[in-house]
Amino acid sequence: MTTQSIAELSQQLANKEVSSVELTKDYLARIKQHDGALNSYITVTEEIALAQAEYADKLIQQGNTSPLTGIPVAHKDLFCTDGVLTTCASKMLHNFVPPYESTVTQRIKSAGAVMLGKTNMDEFAMGSSNENSHFGAVKNPWDLTKVPGGSSGGSAAAVAANLCVAATGTDTGGSIRQPASFCGITGLKPTYGRVSRFGMIAYASSLDQAGPMARSAQDCAYLLQAIAGFDHNDSTCSEVATEDYLAGLDQPLNGLRIGLPKEYFGEGLQEGVAVAIQNAVKEFEKLGATVVDISLPNLQLSIPSYYVIAPSEASSNLSRFDGVRYGYRCEDPKDLMDMYKRSRAEGFGKEVQKRIMVGTYALSEGYYDAYYLKAQRIRRLIKEDFVNALKQVDVIMGPVAPTTAFGLGAKTDDPVAMYLEDIYTLSVNLAGIPAMSIPVGFADNMPVGLQIMGNYFAEAKLLNVAHQYQLATDWHQQTPNLAEGA
Amino acid sequence: MNWEVVIGLEIHAQLSTKSKLFSGAATSFGAEPNTNTTLVDLGMPGALPVFNKEALRMAVMFGHAVNAEIGMKSVFARKNYFYPDLPKGYQTSQMDDPIVGKGYLDIPMEDGSVKRVGITRAHLEEDAGKSLHEDFHGMTGIDLNRSSTPLLEIVSEPDIRSAKEAVAYVKMIHSIVTYLGICDGNMAEGSMRCDVNLSLRPKGQQEFGTRTEIKNVNSFRFIEKAILCEIERQADILEDGGKIVQETRLYDPDKDETRSMRTKEDANDYRYFPCPDLLPVVIDQEYVDAIKASLPELPSQKAARFQEAYQLSEYDAGVLSASRAMADYFETVAATCNNAKVSANWVMGELSKLLNQSNLDITDSPVSATALGELLVRIEDNTINGKTAKSVLQAMWDGEGSADEIISAKGLKQVTDTGAIETMIQGIIDANAAQVEQYRAADEDKRKKMIGFFMGQVMKASQGKANPGVVTPILTKLLNG
């Protein structure tokens, strides 16, 4: 089976060259064949998928379709799905079946798409390697000894390995872009507030944002069209009107001003990654863009700022997992305190516990001003950096991550090295602007992602820029060779 | 030692919104456990709060009523602590930027003085659920119906100096929130709860002593009693040279004592921070002004109007305006009988006596305001006298009919026919010749005293129905011969 775009598949479905049931069965078979080695899914919802595919075929018969009708997709396992296990890759929620549907998955469902299952991730979206999962690490389809990135590693690996056409992810500090980069796919983190967070299990509420992960910018545009827009269930969801994300894709890039921040090309950047990024920028120049050197002086401060704000919010967001109403509860609690302590100590993994403790400490009396408030002040500086830079240029480009995918276990004992993985992505979340990762080549046989950052609500512009590049190149069409049974 | 008591109060008033502060669930009292809940109130993963703007409107109304600054930008914050009936592990409240800022209340006291109590702030917050420890065989039941119910926490300055002032302040707040219609004021159901912060200091000392906080006192009477016994407890400790421990205490009305709940050492660090799921609440002057313009008449304004328009004393006006129901009742009576002073006397006197005896609120009075007004009309037009009216009211209370029906059925109409009265008086003069002689021999002062005897005879003969206004001139004329 060759990989095909949503546009192509949609056309084939409309022409009755293939039915959604046939397509869905193909994908379910591929998952059976390959996911034992990849571990990209936590739950495969075969029955639901086939039922939805049958329904989609009926809609297609009636001619009552959207571009996503009948297209098999997968959801990161932190979107609540009504009646379907939703674990956040945590023992804490190993048995949690939500009684409701998240806005993102509901909108994709309403567009007629087929849900193949729920993808693996770092527990509660905390991690950059997908090694922090109660259900085991996800492997990179390009090299099974390497990580797929995180936290949306399952979604990225599944798309890269063609175990779904497209997937949803979430991005709090790079969790869509970095795994997209590591797995050679296209991912978009929209502007904060562009997509509803309702039904998305929160990690850090002021940073979390859901977005599409797919093979191409065009496929991402189809998904974004379905999920973007106001939702009265999420007070932080924006009322700014959505755009037609597909209509703008064909705009030529003549006169596009690209900012290259010098801070993104400094120490620690793998040479092969730098070369791939430089080549991509040259390609954009060929397409009519001009390059401007810019500076985002507070980039270095994004790591300490993020690692105070995100854990602070997480420490509060994860308080509801107390063993009282749902999820994991320890055996034979002695009393209330024992129940709280053991349920949470046994239910949460190490990284989650670490971040809860860091956040609890940062918010404590006597430390709040020095940590939380200071981090918020830095956040404003970082935001101003972007606002100022985006007055001079239309988009900002740089690497997504300093390296290509690293080996499984290579950084698990070095948290600082792991946190540095996110140096180029965190600031985007702190500022709230949208950003993409698109594949632009390989370094040491592993994919390299280019990051494209834009102004608030400029998703259409980002998708346009990415699409024009993908029309001129074929990096996004490269697929890993999966061995039989791997 | 002569101690001065320093009291500050925190009052939680449950706002009468139809739905909860952050969800669309109903706020009605007494539903089956966990039925008035949505995903938000249950603290489901992924559920997000949506602010109920009706609560905002009510909070701004209150702010105006206590002469307070309105927070043009207020911010919800999370107060983090673990408790089984706190489903999210935090309470959404307001910390640094409350919706209502500094204000004050002027409270008329019984002795005619006016006590000013500062309002520090009032902020919106959500209530927790309830833990039920009985009926679960050693387990605890959790009812989340109350979870996310809107509360307005009203914090006073430590300006209160006695139990009496505290009760007067709470009554005033109660009266304001019920007047505004933003809280039903039902203390028994917990719609209004009070925390008392209390300390003592030697009279004349500036700095405050160590305070204790008495939690959740839920009636006017208990507030007074709790304060009195906490004053005594603290005074005893201080007199013995001891030190007050800063702690949270509970008042036990059965034993009439306060006891320790937790000390400062066990206190939580609530780790307040702005709630990232809710945007700051930003309002404009137009919104604030529109609410101000729509405010109903407040108790103090009503009392002033009663004094002015009805010529009532400050005290009467205060009593009659204390609750909206009482004020409305009074005004209906006055409008029906067209005599405010008589109406005030009857509402505060006979009617209140009957209500108190039956432990009824004025809203449950079996005699409607119009019915009472019609009775008073019959005094005004001399159909009956005041004394008879009391027995008619009792009969109305007992459901025997309207004033006119009872007067007619019992034949209570006063005799005003001058001819008949003259005949009756002549008969009495004839039958009491000796007393008439004495009267005629007496001087002016003595006569005034003696006329009471003849009046008594007339009333006795007429079975109380003779109209004293008609009797007096005839009696005087005939006695003077």
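Every residue, even glycine, has its Cβ placed from backbone N, Cα and C.
The feature active site, charge relay system is assigned by TrEMBL to A:K76, A:S151. Residues or ranges marked as active site, acyl-ester intermediate by TrEMBL: A:S175. Taken from TrEMBL, the feature domain 'Amidase' covers A:22-463.
Less than 8 angstroms from the CB of A:S175 (active site, acyl-ester intermediate) sit A:D122, A:A125, A:S128, A:G150, A:S151, A:S152, A:G169, each of them six or more residues away in the same chain. A simple way to gauge crowding: the CB of A:K76 (active site, charge relay system) has 33 other CB atoms within 10 angstroms, across all the protein chains here. A:S151 (active site, charge relay system): 35 other CB atoms within 10 A of its CB, across all protein chains. Here the domain 'Amidase' (A:22-463) returns a mean pLDDT of 97 for the predicted model. Annotation note: the residue listed as 'active site, acyl-ester intermediate' sits in a coil segment as assigned by DSSP.
Under the three-state DSSP scheme, A:K76 (active site, charge relay system) falls in the strand class.
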